[in-house]
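A.B. asks: My structure is below; once you've seen it, I'll send some questions.
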Amino acid sequence: MNITKLTPWFLFSCLILLSDYIKVNSSISPSSEQTQEDGFFGFKPTKLFVFGDSYADTGNTPFLIVPSWRFPNGITFPGIPTGRFSDGRVSTDYLAKYIGVRTPITYKWGKYGRPRLAVKRGMNFAYGGAGAFETMFKLVPTASVQIDSFEQLLMRNVYSPADLNSSVAFFSIIGNDYLTYDRRNGSEEGRSALTRKVVKQILLDVKRIKDLGVRKVLVALSPPQKCLPKLVTPKGCDTNDTSTYLHNSLLRKGLIKLNDKEINNNDKSFMTLDLYNAFVTIFKNKGVSGVSTFPDPFKACCATKRGTFCGDRSLSGKKLYTLCDDPKSFFFWDNVHISDQGWRSVFSLLLPDSQF
């Protein structure tokens, strides 16, 4: 079946059925053994709010403008495309599972405050292609605009102060600002200034989320940008990328300062999710116990040529991608995004008490 020819109404109907499927499927919801009483955050969150890009997006980005709604995305879970840029789950799903809540509803479906039960679990505002500033993906809201949407819900009393006090926010702006800079032929000399500008905006954004009442904010550090399949050279990947190092260094220092300004700075309001060290550990693993091993960690399961994406087809319907036989043996799903098994490995490293 050529899914690109399906009508929007048919796809909408599929999504409604999918939402019911996810509600009853145990693999996306927490088990009693995985529920954390205190755990990573020091308290038991009951809600998760998510802001960011395609590493966290669970279906906000419109299916008319991105290939994440096309086969083979979603083949591992739940079996059909859900708008995730992966064969299955993404970072948001695994974080929600660790916390002990169901994956939060996307803003696209929950922005009207309904269904109430689903909205009460939190909400995902992340869009694929988003950045700290406007990126080359013109129709995608920046992180600041995503927070605007969150604030509008608060003004409508969709969430109470008590709701927010039992919540965690996940902020994942990884690299679209830098990708846009490269596409526009930005100079290497100007990259440092851009990095400082991006990090400054991220710090403003996460502080704003905290000021709106969210109890804690988890901020993703950037993984090694030059290790993406689309950028890896025959010599391998550059894990000592100075640009990524500067981004993470400035972000860490900025978050420390924000924590120091908190009234109760023993209860750290701003935390980091160290994707950089998790990725590097997995890339360099040669069989260390407890760390997943991938035969070729820099190779994409859904491989494409320059200018095409996983799920793309020609006008005649010919596939413009090559699909691997076993997605579980690949860390990367496509040239940029992580596979379900890849994300499982990352969170197993970062949250060692978890059972994914």
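Backbone N, Cα and C define each Cβ position, glycine as well.
Copying in the features that Swiss-Prot gives for the protein in this structure:
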{"type": "ACT_SITE", "residues": "Ser54", "note": "active site, nucleophile"}
{"type": "ACT_SITE", "residues": "Asp334", "note": "active site"}
{"type": "ACT_SITE", "residues": "His337", "note": "active site"}
{"type": "CARBOHYD", "residues": "Asn25", "note": "N-linked glycosylation site"}
{"type": "CARBOHYD", "residues": "Asn165", "note": "N-linked glycosylation site"}
{"type": "CARBOHYD", "residues": "Asn185", "note": "N-linked glycosylation site"}
{"type": "CARBOHYD", "residues": "Asn240", "note": "N-linked glycosylation site"}
{"type": "SIGNAL", "residues": "1-26", "note": "signal peptide"}
A.B. asks: Ranking the recorded positions Ser54, Asn165, Asn185, Asn240 by other Cβ atoms within 10 Å, which is at the bottom?
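C.D. replies: Each of the recorded positions Ser54, Asn165, Asn185, Asn240 was scored; lowest Cβ tally within 10 Å is Asn185.
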A.B. asks: As a test of the contact definition, list every same-chain residue at least 6 positions from Asp334 (active site) whose Cβ is closer than 8 Å to its Cβ.
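C.D. replies: Looking at Cβ-Cβ distances below 8 Å from Asp334 (active site), excluding near sequence neighbours, one finds Phe85, Pro229, Ala300, Cys301, Cys302, Ala303, Thr304, Phe309, Cys310, Tyr321.
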A.B. asks: Given the recorded positions Ser54, Asn165, Asn185, Asn240, which lie close to His337 (active site), meaning Cα to Cα within 10 A?
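C.D. replies: Qualifying among Ser54, Asn165, Asn185, Asn240: Ser54.
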A.B. asks: Using a 10 Å cut-off, grab the number of neighbouring Cβ atoms around the Cβ of His337 (active site), all chains included.
C.D. replies: 26
A.B. asks: Quick one: what's DSSP say for Asn165 (N-linked glycosylation site), helix, strand or coil?
C.D. replies: helix
A.B. asks: Looking only at C-alpha atoms, tell me how far Asn185 (N-linked glycosylation site) is from Asn165 (N-linked glycosylation site), rounded to the nearest Å.
C.D. replies: 44
